[in-house]
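Student: So that we are looking at the same thing, I have put the structure below in structure tokens.
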């Protein structure tokens with residue numbers, strides 16, 4: 001016995017510590033490393049399927065009324081001042097709800113708010129389709145704008161968080177490509193439906209459906225489809241990790257991995273995730289749903305966004321988006337009317353500039369204070385055909401942008417679009433009226449591409465807990481520009497034709513200067 005004990009003391013025959021032989025668990029993985037291991041496959045393709053109608057929702061909501069208003073003039077007894085207000089109503093609603101949606105998304109997640117937002121937007125747009133008065137239409141478009149701003153900014157943040165970093169630029173541009181594809185479909189629908197002559201009444205005349213109302217009803221389909229498809233979406237794992245819900249995030253990542261690779265979930269190589277929770281220790285869980293604390297947390301996010309190191313970037317992004325969206329939509333939303341005026345005004349004229357035609361019709365566009373005579377007002381189908389060609393041009397630019405997203409910096413692509421947009425705006429009013437379609441196609445396609453690309457930069461500039469708020473505020477300032485532009489466009493046109501186009505070109509040049517400064521600061 002003594003001999004055995006001595007042997008043990010000398011280390012001979014000592015029983016080994018089996019714990020030393022256990023295999024060490026791999027270290028926790030961060031989000032980027034974990035999502036990289038999920039691969040790229042079926043899950044991503046299905047998400048892109050959801051992105052197609054989702055990309056069309058805001059565009060259809062705002063453009064449907066622009067395409068329908070010429071035909072709705074008599075039914076609703078509208079003058080051009082009323083039209084400008086209705087066009088701007090949806091954007092006013094978007095501005096009013098920008099803070100709310102940004103906070104709710106960063107606090108409560110993406111999935112449920114997408115479902116609620118899309119379905120509620122569908123209901124409000126159906127109500128606007130059946131509106132019989134200017135006031136009713138104005139109210140429903142305003143409320144619809146309040147609702148639809150949420151799903152747009154939330155889905156932009158959501159889709160950027162569901163793709164590996166190397167695919168994000170291309171996905172953001174594909175989102176714009178889907179939008180431009182939808183933009184081709186909408187004027188085709190207008191061309192097919194609005195010229196039809198029918199009038200149906202239901203419930204003793206309580207509901208009326210004619211061609212322009214049917215067009216607006218059909219334009220609600222992207223929101224309905226997006227609401228249905230969003231019911232099958234998972235929560236963003238990036239958001240879950242920011243809330244400390246790592247087990248839920250890991251389960252989502254396993255689902256993505258399994259769908260993309262076809263392998264069982266339990267073969268996902270990541271076992272645990274790093275703690276990336278954004279903590280707010282001064283708020284208690286039982287108070288987290290009180291509106292006083294909701295407002296307080298919203299204020300906290302705003303103050304964080306407007307403090308270093310984010311304040312300069314935020315102000316630059318807001319200013320650039322304000323100018324870019326005002327410049328684009330100042331022309332886009334009035335383009336059906338401009339096409340109609342130019343087409344009718346140039347019928348018996350030759351070798352006249354766009355401005356010369358518009359100045360002949362300026363009182364019809366801007367200063368009328370009474371409804372236009374219904375017995376003389378018609379909308380030529382050529383207006384919608386021209387809008388189709390403009391949308392096709394936008395589609396081609398987005399294909400180029402999507403292809404080049406992974407090959408050149410977004411900065412250079414945006415600078416290219418701004419320079420082309422600015423030049424085309426300056427020369428727009430001086431060219432022959434027969435070239436109006438070409439000039440409009442060039443201008444609107446490059447400016448539409450620039451707004452989507454700018455949102456891609458916004459997503460990269462801010463951390464997860466501020467991302468949706470930053471996108472919401474960026475879009476809020478852009479929509480403020482649209483609201484101001486849509487209301488003031490008739491007044492500018494009544495004063496001088498070339499002035500608004502010159503101002504637009506100058507604003508775009510300022511946007512390009514701001515972009516250069518912003519990207520220089522990033523380096």
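Every residue, even glycine, has its Cβ placed from backbone N, Cα and C.
Just so you know, TrEMBL annotations never went through curation; they're auto-generated.
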Student: Identify the transmembrane segment range according to TrEMBL, selecting from 12-31, 112-131.
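Tutor: Going through 12-31, 112-131 one by one, TrEMBL gives transmembrane segment for 112-131.
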Student: Which range is it, out of 43-60, 61-78, that shows up in TrEMBL as transmembrane segment?
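Tutor: Feature transmembrane segment in TrEMBL: residues 43-60.
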Student: Looking at the transmembrane segment (412-431) and the transmembrane segment (469-492), are there 3+ C-beta pairs under 8 A, with each pair at least 6 apart in sequence?
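Tutor: They are not in contact.
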Student: So if I exclude everything within five residues of the ends of the transmembrane segment (498-518), which remaining residues of that chain have a CB under 8 angstroms from its CBs? That is, six or more out.
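Tutor: Non-local partners: 313, 316-317, 319-320, 323-324, 326-327, 330-331, 355, 411, 414-415, 418-419, 421-423, 425-426, 428-430, 447, 450, 454, 457, 489, 492.
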Student: For the domain 'Major facilitator superfamily (MFS) profile' (47-523), what's the model's average pLDDT?
Tutor: 81
